[in-house]
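Q: To start, I am sharing the structure in question, which I have written as structure tokens.
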């Protein structure tokens, strides 16, 4: 089935891997940027997102001392980092997969995950920006690091939103290809099979439009008396 072999973004299903073409794809570029953004967010939070507390040796989050804000940002960043790597690998292997059903599952997973992470990055940006605006003592905080965390959280919203868009296009195209593949083909006017039934004629029963087996002509009954002329009896 030709349409199945090209469904869900695999225009060369079963073909070899083309590195140059893979790198030039917009989806690959945006996924790589999302990967970099996630590294900046979670690495900066891990390195600069905590500072020593004035009381004891316990460290506190620079975002209004809200440990949940730092944990949320770092967690979203780490998961996004791993997911970008996994989906980059899946995109690279997709053209070599001959099973359309497997490609469909990968595209659906990409679509769902990208949509969810777009929303979670939006929540992360709003949370970090709100907690930073409520932070009172910022003297011992590296403000450039905080600004980088908030800024790249905002950039991640756009990058993951773009990944959602590309995944949706690929999914819709795959559904369209499968639907066209299973649609009933139009009637072929050159088909050798007739569309109307014509009863079969048997030439052995007809000859020149006249039946061979004809009923013999009706002949008068023979004379019951056996004579050529018959006279009724006189009474």
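Keep in mind that glycine also has a Cβ here, set from the backbone N, Cα and C atoms.
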Q: Out of 148-168, 169-189, let me know the one TrEMBL marks transmembrane segment.
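A: Within the set 148-168, 169-189, TrEMBL attaches transmembrane segment to 148-168.
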Q: Scan 106-128, 198-220 against TrEMBL and say which stretch is down as transmembrane segment.
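A: Checked against TrEMBL: transmembrane segment maps to 106-128.
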Q: Count the CB pairs under 8 A between the transmembrane segment (148-168) and each of 29-51, 71-94, 106-128, then give me the winner.
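A: Answer, by Cβ pair count: 106-128.
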Q: Restricting to the same chain and to residues at least six past its boundaries, which positions have a Cβ under 8 Å from a Cβ of the transmembrane segment (71-94)?
A: 8-10, 17, 22, 25, 27-28, 31-32, 34-35, 37-39, 41-43, 45-46, 49, 103, 106, 110, 113, 117, 120-121, 123-124, 127-128, 149, 153, 156, 160
Q: For the domain 'MARVEL' (22-172), what's the model's average pLDDT?
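A: Summarising the domain 'MARVEL' (22-172) by its mean pLDDT gives 92.
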